[in-house]
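Data first, discussion second: the structure below is written as structure tokens.
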Amino acid sequence: MSELPDLSQIAPTLKAEILAEALPYIRQYHGKTVVIKYGGNAMTEERLKQGFARDVILLKLVGINPVIVHGGGPQIDQALKKIGKQGTFIQGMRVTDEETMEVVEWVLGGEVQQDIVTLINHFGGHAVGLTGKDGGLIHARKMLMPDRDNPGQYVDIGQVGEVEAINPAVVKALQDDAFIPVISPIGFGEDGLSYNINADLVAGKLAVVLNAEKLVMMTNIPGVMDKEGNLLTDLSAREIDGLFADGTISGGMLPKISSALDAAKSGVRSVHIIDGRIEHSVLLEILTEQPFGTMIRSH
């Protein structure tokens, strides 16, 4: 895995060059919102967790408004295992019965979210955690999963939702008060139920509603890969349709790429899928010229 060098070991002139390279990007994104889908190894390895917290604080300090939407699949799996329950997935979505939903709410809205918030605040930032149920943020509806074996039929995957609507007022209020919002992807339905929503889908929809300048999705691979394992650095809507059709994009990448493409088509100017295993990957993507990950284009 590639890593950034320790800044303490870099010559002063090179440090200056790095800062100078970042300047035009700081100007470009100053005052703008950047939505970051945070997940994968970056959420579990201590070095990466600390690096991410510092990176988010730096973005805020230079006038960029980061909004974090986090996942937590591995943590949910561990919690389910403790109660003797195994996670099941259909087309990249977690089957969520009532018992699983209780675990999801506790893990995402409690353990995982508070870990992120605490770390950011520990390093001097000002983060506030909330779920989609707070402030009426995410209105959800039950997801109807098409049955691929029976056209026209649907598979019941429980309390799995999709975004019906987003009310960004609470997020904007936090941004106005210089806080960093950290959002757990749990929505509420008109039926009074809580819904587990894929974090990629929430991040994409939120980026559109907030008129974000950029959407960054962190994952455990370099980006979107072809069948030979080569990184695809730039993908158009037509190319993505082809990758869906031939099965190159499958499993957990399905909702990620679908959400990224929808965001690009809906006006988010820059959409990237990046390797969260690389330290400071968010800063590399936002504040440098270095080509990184996969760019998703709407045309």
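We count from 1, first residue shown onward.
Just so it is clear, glycine is given a Cβ too, placed from its N, Cα and C backbone atoms.
In Swiss-Prot this protein carries:
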SITE      K37  site 'Transition state stabilizer'
BINDING   G72, G73, R94, N196  substrate binding site
SITE      K256  site 'Transition state stabilizer'
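Projection of Swiss-Prot feature records onto the structure.
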residue : record                             : contacts (Cβ under 8 Å, 6+ apart)
K37     : site 'Transition state stabilizer' : V69, H70, G71, A199, D200, A203, L215, V216, M217, M218, K256
G72     : substrate binding site             : G39, M43, V107, L108, V112, S184, A199
G73     : substrate binding site             : G39, G87, R94
N196    : substrate binding site             : R94, T96, T100, M101, V104, Q159, V160, G161, P185, I186
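Within the set of recorded positions (R94, K256), the lowest number of other Cβ atoms found within 10 Å of a Cβ is recorded at R94.
Excluding G72, G73, R94, N196, which define the substrate site, the same chain contributes G71, I76, G87, T96, V104, V107, L108, N198, A199 within 8 Å (Cβ to the Cβ centroid), listed in sequence order.
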